[in-house]
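K.L.:
According to TrEMBL:
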DOMAIN    C:11-174  domain 'Arginosuccinate synthase-like N-terminal'
BINDING   C:15, C:16, C:17, C:18, C:19, C:20, C:21, C:22, C:23, C:42, C:125  ATP binding site
BINDING   C:95, C:100, C:131, C:135, C:186, C:195, C:271, C:283  L-citrulline binding site
BINDING   C:127, C:131, C:132  L-aspartate binding site
DOMAIN    C:185-403  domain 'Arginosuccinate synthase C-terminal'
């Protein structure tokens, strides 16, 4: 434990997946901290059943009233994924932030449960070398500043996988056979993406093996025929596919399927972690990849140039804030206020074509188009465009350059 | 002419393609301005023979010593395209600026020739509604502040295509049969890209027809087998393919072929012009699309996080400056100085895979890698990573959020 | 007139000060355009009576129902000046934008009147070399895209001051004796500032003469004793002085007096105009200078670091937008949304000391302070600060630098 | 000591002031680490004799060859202060970064000495709550990634001032009488500034008492007569006062004297520390305050608008990097490259007036002026300015606003 002077922990809310690692943490909290453990298991669309987690928690001695299981898929997509996509967010030019965006929601729910059950601590299972510990804990602290945070991977003395497994056996924690050996890579998944990293991916010079991919078939395996469909947007958020209105989570699920089937959304990346080192990851974000392209498509006809360029300038900072775990920070919220303001008329329909890994926007239309036929024609009496205006426009834009060029020519003499 | 009070033009350097439109301009300069015309025809890799332009100029009465023809491909790629790609430049999130980046070089050459031949004016064939007039003229003025600029499309009185053709016939300008009617779209091309816009592309809701594409086959038409090759970089610029050293233009030509063959580099976009309206264009940038991905790939292991994030934050402004025609401006040069500084160790090899429109970086290696095995292992005595450091890192990053959360909780009471 | 092909103007709303120049414009609109003129005269705190403007308009034949006079002081300060000060806005590091911020309001009112009276045009008296023409017209067009804009100084043929005066005499426009000769400098004034430029100020190497200053006494002439008072803020806006609640305009008026009396708020500046040249101006912004310092003071204890730094990064762009006349633009409004979001708890009291030109914040306090004694003490159980956390914080912040340094050392061998 | 597993330290280079605190550290390194101590004492213009530090080091048992004393004033001003002022750097709108800019130089020198004497560790006397520990250590690590860093204030067990003094007495460290009690505030000083913080300054609502000021007399105490003088700049750096060429340090010393005598350069500020809390400091930067104003003055006539605005946008980030200790980082160096590029013609003379705390630029002239009389006149044949150009300039700048306004009007129906 970090500090012998700290007060004992009475009750702790654990982000619990039901897997081996968080089960070990659960038991370790009971034995080392002698604390009452409250488990929190969320459905974020990771594609796993939640009831087994309940059973396992009960098996490990958690009281039924201390087991919290929630389906957060709609909240996740509506309040976290969609706001982020309004900003066309990509980290380091490529990464769609699928892991980053889920952590603040889990942290928020843990804090809510901690308040409800009167817990004095929260606990997560992220390792000490990664970004997720930061994202969880900045979330905790930003919402409940005096909460005690337990990060077992930074605290305990298990020196190896073997000693962990020994602890598990000692405490009757079931170990699936395939968990005995080291996993060839580690995985995080939710409705937005799945990520893989470590082991077989560690050498960035070597191509990621096909077996790490879980959310998508390869472009090579995808159908030879393109899939074409429409996405409707309202105020920057997607609301329907092929005209069928869908809830946020249902819509993203549908896009994921479409992306999966057409080999869309794979990314093999070396990125810079907030904790300071570079790491290599493989990400699959099928629906998100489509959504980014489609959102840019609808913005292209509905968003003013000044607004779009400002968004593009703000985006890298926004992306870093999300990546680094500062979702619940004043500056992320300020940027969100600006971004959301811009989306009031980002409404309309985009036609998207998927083909073997490619996402192409092939059509966009909107009742709020700034590319309206009436407007671009520039007939007399409408917003007239006079060619001669361009001469003045250029002349005054050039003025400072001309003055400087004259200065420099003078100096050269 | 813009102003009757302006002095007569004696000699004018015309950016001359040899096509119908600039031939009409040539003749119009002779007849309306009564000026001696000097033609400048550049090979920027647009894929057209230059000698026909010489013959046509001669036919239109240009003296041989007034006909300038230059192969600018190496200069174009080395001094314009590559510096721009060091910045991972994309305009409005997508456009690789293939047209924008060529204009300053043409302007520069026209000014050089004007100085050599003692011309008092320069002339271009860009229309009055587009960006290119701005790019040409900001280039002219920034390099030669007192030069007289003639922009025929903003000046003359031809009210229709028909009157233009009548003028051509009247002056014995040959008209190719297929130029009689209106073109279904207009094209610009150079070694970096070709663009198409207008007419059949005017409705952004309608998919671009296949026949507008000229530089690439469609992903559907591309081979069923992926193409894998390596690109070597030195200080941010590509220098070899599959280990074979190539000059800048030869390298881009090779990448264009690879991209073309694999359906890579198509973009269908509605963009915001500097002159104020939205326009829809189809761009094909096969080699550039590969280059962008590969450059990001080599940067991902050789560039420091702080440098990369700063580059990402500066890029949208850099892209706007190039798009808007401010290549020869102090602020573009300042940004270039920062960007170039960052590239000192962006050296190494990237393995790229092309498959039916997809460009995937599947490997990166470098003698200057910041993802070196020795470094990430963090053994004792090297750059050690202590898990416990993360606790302090998080605590201090969280401090201001905690203080604010306590403040806000206090207020809520 | 700009274009002979344009339709005749029937009714035009003129921004009318009652002075000689706008009186000439009034008459010129009547004679040249044969248009019905509606005058609009606003009290923006420029310190001049408005009734003489009414009388003069009547004298020049304007029908009483076509004379609009409004006191806009409260709206000006509340909806334009204060929002701008929330951003701590300074242009080019120094200028408080006193002229720039008034133009959009005048433009807005002219458009409102034009709609009311069914006018088809608006007209302003700004010259063709300055920024104000841009600010007026971007305002007009942004609010009423099809409005006809008349800018007499860019249109008419008066070649000299003499020919203008001749026109005035010809049309029985009264000319004050001191307007016969050229003014030694020109002035703009409103409740936020007064500016002077031209003639005696044209050489930037020469000190501005004392007689150009109108709003402030010199520091040398100010009292030998400091003036100390408090300003209360609520959500980023000042609401009271020395505890006395004041309306926005009353508060700024009071600050102006305090500043005036203590020689506060003079600025002698060479700035870059949007139209492309440098110009030299002398600005006096007594109340605004105090307000900027005081606002920074209250923010210093109530605003989170991330919010403050984001504001500082956005400010130069915000300032350029205001300076260039883009008040009614999506990007200015987006930035405002972000800025306003940050001000929710910028509430409290600042103690300010004025002394012979100096403005010093000598105290700040707030119920929302983030520098609360309880918070900074960091006692156990509160937001504890553990010195050892700093070690980890530094280590991880240093990690990328260490890795790069090892790389570079390796290369050097 | 942070980690019992770490290797013993053999030789450590201590940043040694000769004062009580670093003398205690010296002795503590000898007794706790059993390490050979090398002292490094630098003259950065803090205004203290260095020889007493040598004597004290000898007294505490340091071998003469292990005592390093260097006059770094010229290097400090030339290579750190001046580059920073080229950027017009202010942190949080006000602070001139006097403490921040000195730390990297001290760190650099310690590392150089460590290499020379074969030391395996460096040590500084900064506390665990401040920014300076970060600045020192990021400097150490960025230059010598494997260096061992000892930060006594984070490591030792002294719980109070008393126990520190007891340790001092026990080891025969002389204690000046006035150091017995707690100091009423703590001070840092160098040629650029002196700072005071703590104790009597802790309540930000209470005015800083006059006795904390050390570098400046108060405006009230300053002469009743203004002081006027000139500063010459070359490529962005000041090189002469009143025409007399001075070395960097001599010039800053002279400006400090001028500022001191006229009550210039005081700042009372609540700022945000990198380690997460707000703190209140009083800074005196007499010469720097003059230099900032004068540099802006010379830039105002010699720097292009685009360059100036880009600098203004980059500055807040640059300031944060310096404040946070990232002087030796790629991103600070990238920004410096951009900034330095812009300064090529920032050459000329500024006339400055000081009066009771006020710094006013009253004149600027330059052979590279962009405000040259020849240029602004815009006579025919020079850089002509045609009023009618403004109409086109405005029209095209307004175009997107008009299109959006038409769209919005249409929606409203």
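Glycine residues also receive a Cβ, built from the backbone N, Cα and C atoms like all the rest.
Automated prediction, rather than curation, is the source of TrEMBL annotations.
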K.L.:
Taking all residues of the domain 'Arginosuccinate synthase C-terminal' (C:185-403) together, what is their mean pLDDT?
P.N.:
94
K.L.:
For the C-alpha pair, I'd like the distance in angstrom between residue C:135 (L-citrulline binding site) and residue C:19 (ATP binding site), rounded off.
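P.N.:
For residue C:135 (L-citrulline binding site) versus residue C:19 (ATP binding site), the Cα atoms are 21 Å apart.
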K.L.:
Relative to the Cα of residue C:21 (ATP binding site), which of the binding-site residues C:95, C:131, C:186, C:195, C:283 has the closest Cα?
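P.N.:
So, spelling it out, the nearest of the binding-site residues is C:186.
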K.L.:
Which residues of the same chain, at least 6 positions away in sequence, have a Cβ lying under 8 Å from the Cβ of residue C:186 (L-citrulline binding site)?
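P.N.:
Counting only residues 6 or more apart in sequence, the Cβ neighbours of residue C:186 (L-citrulline binding site) under 8 Å are C:196, C:197, C:198, C:199.
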K.L.:
Per DSSP, residue C:23 (ATP binding site) is which: helix, strand or coil?
P.N.:
helix
K.L.:
So what sits near residue C:125 (ATP binding site) in its own chain, CB-to-CB under 8 Å and at least six residues off in sequence?
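P.N.:
Result: C:14, C:15, C:17, C:21, C:22, C:25, C:152, C:153.
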K.L.:
Where does residue C:125 (ATP binding site) sit in the DSSP three-state scheme?
P.N.:
coil
K.L.:
Least buried of the binding-site residues C:95, C:283, going by other Cβ atoms within 10 Å?
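P.N.:
Per-residue Cβ counts within 10 Å for the binding-site residues C:95, C:283 bottom out at C:95.
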K.L.:
Go through the binding-site residues C:23, C:100, C:125, C:186, C:271 one by one and keep only those whose Cβ is less than 8 Å from a Cβ of chain D; report them in sequence order, or 'none'.
P.N.:
C:271
K.L.:
Using other CB atoms within 10 angstroms as the count, which residue among the binding-site residues C:17, C:127 scores least?
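P.N.:
Each of the binding-site residues C:17, C:127 was scored by Cβ atoms within 10 Å; lowest is C:127.
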K.L.:
Tell me the Cα distance separating residue C:100 (L-citrulline binding site) from residue C:23 (ATP binding site), rounded to the nearest angstrom.
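P.N.:
The Cα atom of residue C:23 (ATP binding site) is 23 Å away from the Cα atom of residue C:100 (L-citrulline binding site).
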K.L.:
Just checking: which of C:19, C:127, C:132 have a Cα that is within 10 Å of the Cα of residue C:100 (L-citrulline binding site), counting only these binding-site residues?
P.N.:
C:132
K.L.:
From the centroid of the CB atoms of C:127, C:131, C:132, the recorded L-aspartate site, which same-chain residues not already listed sit within 8 A by their CB, in sequence order?
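P.N.:
Not counting the recorded site residues, we get C:126, C:129, C:130, C:133, C:134, C:135, C:275.
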K.L.:
Max Cα-Cα distance in Å among C:95, C:100, C:131, C:135, C:186, C:195, C:271, C:283, the residues listed as binding L-citrulline?
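P.N.:
It comes out at 18 Å between the most distant Cα atoms.
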K.L.:
State the three-class DSSP label for residue C:132 (L-aspartate binding site), counting H, G and I as helix, E and B as strand, and everything else as coil.
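P.N.:
In the DSSP reduction, residue C:132 (L-aspartate binding site) maps to helix.
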K.L.:
Hey, how far is residue C:95 (L-citrulline binding site) from residue C:19 (ATP binding site), Cα to Cα, in Å?
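P.N.:
With the alpha carbons as reference points, the distance is 27 Å.
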K.L.:
Taking only the binding-site residues C:19, C:127, C:132, which one has a CA atom nearest to the CA atom of residue C:195 (L-citrulline binding site)?
P.N.:
C:132
K.L.:
Could you round the CA separation between residue C:132 (L-aspartate binding site) and residue C:271 (L-citrulline binding site) to a whole angstrom and send it over?
P.N.:
14
K.L.:
Find the shortest Cα-Cα separation between residue C:127 (L-aspartate binding site) and the binding-site residues C:19, C:271, C:283, and name the residue that gives it.
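P.N.:
Nearest by Cα distance to residue C:127 (L-aspartate binding site): C:19.
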K.L.:
For residue C:132 (L-aspartate binding site), what is the tally of other C-beta atoms lying within 10 angstroms of its C-beta?
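P.N.:
Other Cβ atoms within 10 Å of residue C:132 (L-aspartate binding site): 19.
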K.L.:
Just to verify a number: CA distance, residue C:19 (ATP binding site) to residue C:271 (L-citrulline binding site), in angstrom, no decimals.
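P.N.:
Approximately 27 Å lies between the Cα of residue C:19 (ATP binding site) and that of residue C:271 (L-citrulline binding site).
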K.L.:
Under 8 Å between C-beta atoms and at least six apart in sequence, can you list the same-chain neighbours of residue C:271 (L-citrulline binding site), or say none if there are none?
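P.N.:
Residue C:271 (L-citrulline binding site) has long-range Cβ partners C:91, C:92, C:95, C:278, C:279, C:280, C:281.
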K.L.:
What residue among the binding-site residues C:19, C:100, C:131 has the most other CB atoms lying within 10 A of its CB?
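P.N.:
Of the binding-site residues C:19, C:100, C:131, the most buried by Cβ count within 10 Å is C:100.
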